[in-house]
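Novice: Residues annotated as transmembrane segment in Swiss-Prot, with sequence analysis given as evidence: 35-55, 65-85, 103-123, 127-147. Residues annotated as domain 'MARVEL' in Swiss-Prot, with sequence analysis given as evidence: 35-157.
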Amino acid sequence: MAAPAPRARTGGKKKDERRGFKGYKWEFRDSNKDFWAQGHAECKSLIMILLIAAMVCFQRVATHPIVILLLTMELSICAFFFFLYSLAINRYIPFVFWPMMDLMNDLACSTFLIGGIFFALEARRELPVPYLTGMILMGVTAFISIIDLCLQRRQFKSRKLRKFILLTPDRKGKKQDPKLLLMLAAKEDEEERQRELAEKAKRESMDPGW
């Protein structure tokens with residue numbers, strides 16, 4: 001009697017399915033999905049467009065170099081975060097909590113731009129139309145930065161913070177057990193389901209015709 005054929009091992013395939021280029025493609029799609037669905041990509045795109053338009057307006061007239069330097073700095077930082085999320089580079093640097101860095105950048109961007117408006121106002125006595133247009137664009141950019149800052153609150157939910165803590169390696173560079181993340185997610189899903197059932201029972205008790 002012939003010996004039974006050995007079973008194919010599928011565990012290694014599942015383990016390695018997110019490595020290499022296929023893994024990067026998955027991270028690329030998932031990162032861009034979150035980046036665009038949460039509104040950060042739209043805000044950063046508008047910020048970069050407005051900053052470029054403001055620089056063009058200021059370069060048409062005599063402008064203090066500090067104003068141009070400020071706009072160039074903010075444009076560079078915004079472009080850095082845009083390509084960081086678009087190319088999924090943040091997924092491969094897990095020891096940095098990028099939402100916190102992005103929040104600090106939005107706060108600094110709005111603060112510097114508002115300060116730059118007052119500085120540009122004091123730098124000239126006469127305000128030509130291109131100069132005034134650049135100041136208005138700086139104000140709109142600061143407002144959009146505040147909107148992007150408010151959108152960051154979704155990243156600071158307890159579930160995402162716990163996920164980040166579990167994915168962060170320890171001092172020796174070793175990552176935590178991935179089973180802890182699965183157990184935590186299952187527990188939170190069960191708590192959410194119990195909460196929904198309790199709310200449904202409460203509505204039924206208040207409305208007999210429910």
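The backbone N, Cα and C atoms fix where each Cβ goes, and this holds for glycine too.
Could you tell me the structural context for the features on the list?
Specialist: If you look at the transmembrane segment (65-85), the same-chain residues 6 or more away from its ends with a CB under 8 A from one of its CBs are 31-32, 35, 40-41, 44-45, 47-48, 51-52, 54-55, 58-59, 98, 102, 105, 109, 112-113, 116, 119-120, 123, 138, 141.
Non-local neighbours of the transmembrane segment (127-147) in the same chain are 43, 46-47, 50-51, 53-55, 57-58, 60-61, 63, 71, 74, 106-107, 109-110, 113-114, 116-117, 120-121; each lies 6+ residues outside the stretch with a CB under 8 Å from one of its CB atoms.
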Novice: Restricting to the domain 'MARVEL' (35-157), report the mean pLDDT as a whole number.
Specialist: 91
Novice: Do any residues, 6 or more residues outside the transmembrane segment (35-55), come within under 8 Å Cβ-to-Cβ of it, and if so which ones?
Specialist: 68, 71-72, 74-75, 78-79, 81-82, 85-86, 102, 109, 134, 137-138, 140-141, 144-145, 147-148, 151-152, 154
Novice: Quick check on the domain 'MARVEL' (35-157): DSSP residue counts for helix, strand, coil, in that order please.
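Specialist: The counts are 103 helix, 0 strand, 20 coil.
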